[in-house]
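**Student:** Can you read through this structure? Questions will come right after.
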């Protein structure tokens, strides 16, 4: 009987480990999609710029300067911009590898596994939904401030006030209607909505240029003097807290990767649009923050309408109307960007079977998921109706930072994985077989025949994920495992150590002697050691239209900065995030894990192996589907390398137990 229990437990655990770690293979032509591939590089660039330049520049700048960082808000935007740019480069590489809707969700599914992909997808849904709701509230609040609170006073007189900490002071009916109207605009079709977005974004950029010029023209350096608190009145902690909030202003760049499945040439458009949009938006935010705090003292900033109030203070009243036009345009494009990306993420998750099937239905005429868009717009409208803007922004940041962290880590993992991650039919690059990708494999891969391939490139392709020759002395420590496995373990260890280091420094208010620094030294050593071991392995030589430079250093820096910003978010934000994740995990384990398209035809054990030796078994983005943990549990349960399909309790064992 103990043997039977071991077998039952082994089969259950092995099947469970296989399901949560299975990775998505992408077969066939990556450009084939039911969506409409009609967006140019300019369309996608302006989509990213429009999504990022909106409520952040007109509302968030004043809030952070007033309550968190003062004139050093520019440094907060700089830090948040650098962190976002590092993550954006990782997104750009994945966008050239996987031109599909779903953004970080799709990237994680291919590179890490289904469970983490669902976690990221669930958080992206939160990001876009709250992003749309918060922008709608900012749009409404901005108009309310311009009308001397006429809208809020009229609403309160009818509905009364809501006295809950998480809820807003009054139900924002205007914000609700704004979300509905934006959804109707997007329902017309992706190309028409792109034209509208392009026009509004260009007008918004012209207004921002005017604000920057006027800000420096009316600049008063005494607003940065010591009598007014100096340049950094809240200290370094204020700059970091401001950066964690300012990060919200840059989250729109992932709408660029969300549009991959509707781009005409995603391998070229996605990286160009990512780099251009981040450069334009980062420069704009920093210059506006400097201009605002030079015009007026941070103590006198009106957080609800910072720029119009500042321009009024320097007697440039005529410019307030231009700012009002720019604010309306900017917040409208940000709202359109969020409501554009949200249905694409839900569509990708539904198409994979992790969410309800009707969410992936595409309208034949508009070639967009109409039912999906209606649900997305209405959900965002309900959130905008009842919840407070500041709480929404903080709540959104944590999920976004988690997604950026995992995407950055996934770039390192995929760069050292021997299985080819791109399709030669799509990008014209040579297919290189992996020398050792499956369990107990001893076959040597054969490089594809390509007249331009050198012998050194072939050798690199055959040694991807293995130690370089000059680091052979690490073989006792890192040898004996499948190619890429050591790098994956080091990435996990590095991420945990970075989180522990950031948390230790955040919660340790004052160092208490040398012993208090010992954890810092230990964790720093672990981080450096992990990076060194990763560096000692051979990277994939696969040629891509865009590759993140300085791997693993640049993605590792992105991971550390994202984790640092997550640690600086307050405890209530983490508590709300835990509640959201609880609902997500229930949905995954009660529905998604059982309806996943990767589970179709699987008997429930470790029976999903590559069938046949054709191209599809090692298709574009295909990776080994059975995790190392699942294999070990399966071996333990079987007691050897027997067939997975053998009965859990055989007839001989039953006869031996019969009296």
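From the backbone N, Cα and C atoms, a Cβ is placed for every residue, glycine too.
So TrEMBL has the following annotated:
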- 41-60: transmembrane segment (TRANSMEM)
- 72-92: transmembrane segment (TRANSMEM)
- 173-190: transmembrane segment (TRANSMEM)
- 202-219: transmembrane segment (TRANSMEM)
- 231-251: transmembrane segment (TRANSMEM)
- 272-298: transmembrane segment (TRANSMEM)
- 318-340: transmembrane segment (TRANSMEM)
- 395-416: transmembrane segment (TRANSMEM)
- 432-456: region 'Disordered' (REGION)
- 442-456: compositional bias 'Low complexity' (COMPBIAS)
- 485-508: transmembrane segment (TRANSMEM)
- 514-536: transmembrane segment (TRANSMEM)
- 546-596: domain 'Cationic amino acid transporter C-terminal' (DOMAIN)
- 548-567: transmembrane segment (TRANSMEM)
- 573-591: transmembrane segment (TRANSMEM)
- 637-659: region 'Disordered' (REGION)
- 640-659: compositional bias 'Basic and acidic residues' (COMPBIAS)
**Student:** Find the member of 41-60, 202-219, 485-508 that has more C-beta pairs under 8 Å to the transmembrane segment (318-340) than any other listed stretch.
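**Tutor:** Stretch with the highest Cβ contact count: 41-60.
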**Student:** Counting a contact as 3 or more Cβ pairs under 8 Å, with residues at least 6 apart in sequence, do the transmembrane segment (231-251) and the transmembrane segment (485-508) touch?
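**Tutor:** Answer no, regions not in contact.
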**Student:** Could you tell me what the rest of the chain brings near the transmembrane segment (173-190), counting residues at least six beyond its ends with Cβ under 8 Å?
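**Tutor:** For the transmembrane segment (173-190), the sequence-distant neighbours (Cβ-Cβ under 8 Å, at least 6 residues beyond its ends) are 35-36, 38-39, 132-133, 136-137, 139-140, 143-144, 151, 155, 196, 262, 332, 335-336, 339-340, 366-368, 370, 373-374, 376-378, 380-382, 384-385.
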**Student:** Tell me, what is the mean pLDDT of the domain 'Cationic amino acid transporter C-terminal' (546-596)?
**Tutor:** 87
**Student:** In terms of Cβ proximity under 8 Å, which residues at least six beyond the ends of the transmembrane segment (202-219) contact it?
**Tutor:** 46, 49-50, 53-54, 57, 280, 284, 287-288, 290-292, 294-295, 307, 310-311, 314, 316, 319, 322-323, 325-327, 329-330, 333
**Student:** Please give the sequence-distant neighbours of the transmembrane segment (272-298): residues at least 6 beyond its ends with Cβ less than 8 Å from one of its Cβ atoms.
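**Tutor:** Apart from its flanks, the transmembrane segment (272-298) reaches 41, 44-45, 47-49, 52-53, 56-57, 61-62, 65-66, 70-71, 73-74, 76-78, 81, 84-85, 88-89, 91-92, 95, 205, 208, 211-212, 214-216, 218-221, 223-224, 228-229, 233, 246, 249-250, 253, 256-257, 306-307, 309-311, 313-314.
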**Student:** In the same chain, which residue numbers or ranges, 6 or more beyond the ends of the transmembrane segment (395-416), come under 8 angstroms Cβ to Cβ?
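**Tutor:** Those are 83-84, 86-87, 90-91, 93-94, 97, 104, 107-108, 110-112, 116, 119-120, 123-124, 126-127, 130-131, 134, 244-245, 247-248, 251, 254, 464-465, 483-484, 487-488, 491, 495, 534, 537-540, 548, 551-552, 555-556, 558-559, 562-563, 565-566, 569, 573-574, 576-577, 580, in sequence order.
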**Student:** DSSP on the domain 'Cationic amino acid transporter C-terminal' (546-596): how many residues come out helix, how many strand, how many coil?
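**Tutor:** Summed over the domain 'Cationic amino acid transporter C-terminal' (546-596), the classes give 40 helix, 0 strand, 11 coil.
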